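Attaching a single structure in structure tokens format; questions to follow.
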Number of protein chains: 4
Amino acid sequence: MKEHLKITIIGAGSSYTPELIEGLIKRHYELPIGELWLVDIKDGENKVSIIGSLTRRMLEKNNLSHIAVHVTFDRRQALKGADFVCSQFRAGCLEGRIRDERISLKYGMIGQETNGLGGFANACRTIPVALEICREMEALCPDAWLLNFTNPSGMVTEAILKHTKVKVVGLCNVPVIMQKGIASILDADEQDFVLQVAGLNHFIWARQILHEGRDKMQDVMDEILAGNDPLVPSNIPPFEWPAELLCNMRMIPCAYLRYYYTSEDILNQEIKEASGEGTRGEVVKAMEQRLFEIYRNPNLSEKPKELEKRGGQYYSEAACELMSSIYNDKRTIMHINTRNNGAINGLPDDCAVEVSCMITKAGPVPLNVAPFPDDTLRLIQLIKEFESLTVEAAVNGDRHAAHRALILNPLVTTGTVLEKALDETIEANRDHMPQFR
Amino acid sequence: MKEHLKITIIGAGSSYTPELIEGLIKRHYELPIGELWLVDIKDGENKVSIIGSLTRRMLEKNNLSHIAVHVTFDRRQALKGADFVCSQFRAGCLEGRIRDERISLKYGMIGQETNGLGGFANACRTIPVALEICREMEALCPDAWLLNFTNPSGMVTEAILKHTKVKVVGLCNVPVIMQKGIASILDADEQDFVLQVAGLNHFIWARQILHEGRDKMQDVMDEILAGNDPLVPSNIPPFEWPAELLCNMRMIPCAYLRYYYTSEDILNQEIKEASGEGTRGEVVKAMEQRLFEIYRNPNLSEKPKELEKRGGQYYSEAACELMSSIYNDKRTIMHINTRNNGAINGLPDDCAVEVSCMITKAGPVPLNVAPFPDDTLRLIQLIKEFESLTVEAAVNGDRHAAHRALILNPLVTTGTVLEKALDETIEANRDHMPQFR
Amino acid sequence: MKEHLKITIIGAGSSYTPELIEGLIKRHYELPIGELWLVDIKDGENKVSIIGSLTRRMLEKNNLSHIAVHVTFDRRQALKGADFVCSQFRAGCLEGRIRDERISLKYGMIGQETNGLGGFANACRTIPVALEICREMEALCPDAWLLNFTNPSGMVTEAILKHTKVKVVGLCNVPVIMQKGIASILDADEQDFVLQVAGLNHFIWARQILHEGRDKMQDVMDEILAGNDPLVPSNIPPFEWPAELLCNMRMIPCAYLRYYYTSEDILNQEIKEASGEGTRGEVVKAMEQRLFEIYRNPNLSEKPKELEKRGGQYYSEAACELMSSIYNDKRTIMHINTRNNGAINGLPDDCAVEVSCMITKAGPVPLNVAPFPDDTLRLIQLIKEFESLTVEAAVNGDRHAAHRALILNPLVTTGTVLEKALDETIEANRDHMPQFR
Amino acid sequence: MKEHLKITIIGAGSSYTPELIEGLIKRHYELPIGELWLVDIKDGENKVSIIGSLTRRMLEKNNLSHIAVHVTFDRRQALKGADFVCSQFRAGCLEGRIRDERISLKYGMIGQETNGLGGFANACRTIPVALEICREMEALCPDAWLLNFTNPSGMVTEAILKHTKVKVVGLCNVPVIMQKGIASILDADEQDFVLQVAGLNHFIWARQILHEGRDKMQDVMDEILAGNDPLVPSNIPPFEWPAELLCNMRMIPCAYLRYYYTSEDILNQEIKEASGEGTRGEVVKAMEQRLFEIYRNPNLSEKPKELEKRGGQYYSEAACELMSSIYNDKRTIMHINTRNNGAINGLPDDCAVEVSCMITKAGPVPLNVAPFPDDTLRLIQLIKEFESLTVEAAVNGDRHAAHRALILNPLVTTGTVLEKALDETIEANRDHMPQFR
């Protein structure tokens, strides 16, 4: 077993990075890191160098100065021989995200980075870059595991699974928050029960909660219906579920399903925000600026509290636990994006799904997923078809595939409005979507 | 072979009836009608008696006075021993339809009688009555064929197939209009080519156009893309298809698919109409009043020209040809709603689909349907799930099924808006939806 | 519409050819043949020249001397510009068939030319030749229809569908005999009822018999169970069906299903025959010699009665009716081997199935097939998998695929016996199976 | 957590019981047994009382005399309040098994207790008794887990899953032997790797062997192909696999698949044995008599070595580990018969399959099974259909279902031979198959 792991972080100038560093520090006794490579692009020089310095201070404070920290723009050097690669870059930066939100809202649609028109645009910007990184990994670190947090995580993972040989795991904090929320409802330790989730990224349902010999699904749902819903990430508006829907479902939809089950309410809220405090992207951008102000403080040597409001909490938990579970063959049950391979009946074998897996040294082994009720399956199939066509459009620059993808998505308006919105999206992103030329 | 057929028309006070009578007259040499029973409810007394008189004048003019015409409110007597039953009643009358349209629009949704919230409401009003009629048929004319034109035709047919033993065929004029439109593009006789359609009622695609030894699909699509689209019924706004979509589909969507592929444009047009000339239901109501003014003219003894503007043209053609094809074992290829039974892969065997069939004495034999492309299949599966859950809700008065149905439909807005719209729909229809009490 | 059709017969030296000529003569008023090309290989020179002379005498007797008859070994010349190509060659001649039978019996298995080890061997000899012919057709007569009677007809058709662009229809006399047998039971004309069959070549079931407005399935089964079974070709031993099986099936298995449902009885009979009158191939060989003695009589100018005992009766009927139905767009319902394309649920879209089709100018349009009961479907899936793996083995010379194919077939013995039988089969056919080298 | 478990053994007079007792003794520190109930029928009085005495001596020797041992014929008393029920009875005793073997061989078929005609007969004798026990459990110990070892374990489990509410787990030693064999090939501890198996009882394949971060499938297969095959139970003839088949499969068939892949060899060996040392049942019967001679020795207080030759080794290991894993929520990966629920695509949700599961307090959670290759899936589907129809026949005494089941099974001869063999089977078992009257 390797004793000096090389970990490479792509998009290390992200404001999330300190959480990841904190996670690695916490696990230092079980995950022997030798080198840490922080990679970003030239445009992010300022941010990544702030992060580099903070990282060094954090390691030093924890007596881990023996870990070499490299800040670089040379991605190939950083990838060479890496054991784990964490991908958290944002193609087109927050400006791209904000643009997606504003274009969507302009045409009367929800603007969001992983679904609808915004998710489509984000996928088209991101997937070409992700595949480029994977080509380099195939050459420079073919045995490395790629932990992808870059959104839209499900579609990016599917593109990598379909078009490269890289061992990729797609991660998301949504199921982690569900696990923690359920733990708090059950008043149990997180490892004391088996939560099984299934679906697509940002489109999952908790299907089973095994605890002390029983399925506690109904107990947990009763709590949520009673108004105690700790399963919602801080960046999702906490609308109440349609009670009639929820109490008959026998499974718990993840918070992001609010975008589908209460789309009108979300749209109205987004419209209000856009003309007030700003879109989510704009809020995050302001938050990021404040965070970097804090990070640059030379006396800071730990993750600041303020980061928790940022929205992506527990990403680092997922990432660090995954690395450790692979490295130590811990067989923890985690909820990740991986190749379907028959797990969800009614979806193609080669698509990406988000399911609960036992994480072993040889990779994730998905648990069997009980068949979904027909109506929920239809929704999942629809969104997966949107995702797969979006991946096709993103890889080949195929406008027809783009159109077919978007027309299926219930968050996307159809007709002449869609044609105009799609034109504007491609035009506004012309520097980041060369495939559509 | 029977030589005196008894034909019963339920909802005979409809303004469509003269077209049906005309169709029967045209085929008098091959369809030996002995009795014609015109049934309606007390509230429709005035209209049905006008129709009765007109019918007698039309028969007389064509020297068919030997056909006995009975106008009655006694449905059981009219059904007893019938050979063919034509169902064209409208539960809740045009007032119900107009109410559906206005409620839908109030909540920002398309208002229409066969899909979305309006289609749901119409199904919930209509299906209980349709099943009641079928119970009577099981007792009084178990061998009769039921020709259902009552909308929503697909859902009504499915309810009858699932819950009764009646031999039902669901009819619609949409594929007839496609057949005629394609004939005009090909400059061919309607029986000179084989058109194959498949999908659900108001949700079909032309899949194949065999003519003179070739599939003429591409030729027909080229004409349509060039702006010559005679496949649109007069009651559907003739928006152009998104060219990119259509020219890559290799199949022709029926005009009603505009509601899905150009929903925003349709919604805007409906909003405009509602505050101008009136909703479709209101326009039809005014038109009906004018038609009945004409019908009551004692000198009129043929179907008046004005009826053609009414929208349902060719219904009679479909109905009369179907009766004749069954009676004479003609094996005409017709496009009807029937039990899926494996025809469209990916849908349950027991649901209703609209497919091309060879019509024999023993009933319709569907042609095999080539598998749909995945993305189109996903849409069909979604709408079928909406329909099947709506049927369940309509039969059992199950509000949870209603909610699950509506949440799937892309024409229906979700969230608190939906809850309110559903409440208002059920409340406004309380006299016609006793099942929800 | 072409007025001088060119028809090419590959393997014209077959003793069946006079029946085909008779069929063409019968339809001369609707099928305007200009040229008839009789092709065979050098080894068959004697037989094909006898057939050529007989053909000319038959045409002359019917005042059809204007039809040019060409006897040739130049296949390319014969194919050039052909409108219909009938393929009835036998790769490896009757000697190959006899060898298959003897090897199978030696290892305790049924020996037969379309299923089991014999069917496998026949496919491996035949498919390479069939594909060679198709390559020539792609170049020399790309619009021609290929009517394949060469056995194993299902597997040969599948190989052609998967590996060439030729418009192929696989034909068999088994469903024709069923149609005629049912007509005799119903005392009806063959065109007076709709028979629907489905399955694989030599592995079909009658699923529906629509006659005078009813499904007459049960009536026909009652007759068969009462011992009146005219549905059996003369070359299949007329064992009785297991009554319990048949009377609960609600569909009629074709006679060849005796090989599966009564395999032990068939095997015992074959063993007896092999040590007595000879195997089927040997019997046919002797019969052929007698037939050619008759054919060479210069006074013979019609199909002799003796041919009817040969076993393949009604092939010509199927072939000629198919050509006429295509040429005249007759829309006759025929039962043919064609691409599945969703017709039988549970089989791949691209495999060959034998189903009832409406034959149009543009080719066959299969009727929808109601889902099979699970247990029957399992058998069909198994045999289809055997067939598809056999096609793969035949095309690629893949011994592993051959082994996987054979191990699935219920008529094939497994274990060391199979290994030896497979070795011997390949060795004994080394001149006809170059692909396995 | 309960501290005095009540364990009930049905069919405790089996010669296997001492191994089970040994397994319980080994785990006494983690599985706090309070009472042990040994149940058998009157006819087994002698054997069960010998077992009872031996059990007491074994417990005493291990200082576990506080565990109360009850020997009884009153099954209801024994079941009342039980925590775990182990079912290992044999309906019709060894005489029934021997009869099955002899009848099968007489008609030229393999005679075996879990597949073919013998498996069918065993299921028909056993399932009615198993369901009777389950009815009692529903009333007397509704929360107990039923560990079923009674053969045919897969079909018995399926009958219980379909017709009762009992929490049943079907067990078999075959996957345990595979796990141990693979451990010996890998030179690893059994818990050091993840073996994943899937299929049906006695019809499974090892699909994955995760060890030290790699799938070791190919390494293990290479060893087996080199002749080192420790995966075969002592009661299965160690024929070599057809090398061509095995080395291209990428999965390891369980030893029982020899019955399908080398059926001719097994049949020949059985014929030889039947006329020599006796059938397997006869050999076991003699062995049992010797074992009971040993067991009755009052000085014996441990499981004797001789038991290992008996064939069912490691049953106890599976049973005891399962009880402990449920009791202690150990989440061991075990290979058991449970409800399919989507695990193996292409099989009904409600049938029993044998798959690898994580065993939790709340029961087994199956791991996802990657889709099988088509040809293997076809075999599995066929055998499952045989099993499900056999269960139907066993429950309802439906001879038609029996016939449909047997005709599908590749180990069963068809035709008149089958009719006779089935008649004789039902007649010879008339005391044990009242359902067929």
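Using the three backbone atoms N, Cα and C, a Cβ is placed for every residue, glycine included.
Feature table excerpt (TrEMBL):
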| type | residues | note |
| --- | --- | --- |
| BINDING | B:Arg97, B:Asn151 | substrate binding site |
| BINDING | B:Cys172, B:His202 | Mn(2+) binding site |
| DOMAIN | B:197-412 | domain 'Glycosyl hydrolase family 4 C-terminal' |
| SITE | B:Glu113 | site 'Increases basicity of active site Tyr' |
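Map these features onto the structure and tell me what's around them.
Counting only residues at least six positions away in the same chain, the Cβ atoms of B:Arg90, B:Glu113, B:Gly118, B:Asn122, B:Gly281, B:Val284 sit under 8 Å from the Cβ of B:Arg97 (substrate binding site).
Reduced to three states, the DSSP call for B:Cys172 (Mn(2+) binding site) is coil.
In this structure, B:Glu113 (site 'Increases basicity of active site Tyr') belongs to neither helix nor strand by DSSP; it is coil.
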Cα-Cα, whole number of Å: B:His202 (Mn(2+) binding site) versus B:Asn151 (substrate binding site)?
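Approximately 10 Å lies between the Cα of B:His202 (Mn(2+) binding site) and that of B:Asn151 (substrate binding site).
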Could you please provide the mean pLDDT value for the domain 'Glycosyl hydrolase family 4 C-terminal' (B:197-412)?
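Across the domain 'Glycosyl hydrolase family 4 C-terminal' (B:197-412), the average pLDDT comes out at 91.
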At the Cα level, what's the spacing in Å between B:Asn151 (substrate binding site) and B:Cys172 (Mn(2+) binding site), rounded?
9
Near B:Cys172 (Mn(2+) binding site), which residues of its chain come within a Cβ-Cβ distance under 8 Å, counting only those 6 or more away in sequence?
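The answer is B:Phe149, B:Ser153, B:Asn201, B:His202, B:Ala318, B:His335, B:Ile336, B:Asn337, B:Glu354.
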Tell me, how many other CB atoms lie within 10 A of the CB of B:Asn151 (substrate binding site), whichever protein chain they belong to?
24
Sort B:Arg97 (substrate binding site) into helix, strand or coil using the DSSP assignment.
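It is helical.
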What three-state secondary structure does DSSP assign to B:His202 (Mn(2+) binding site)?
coil
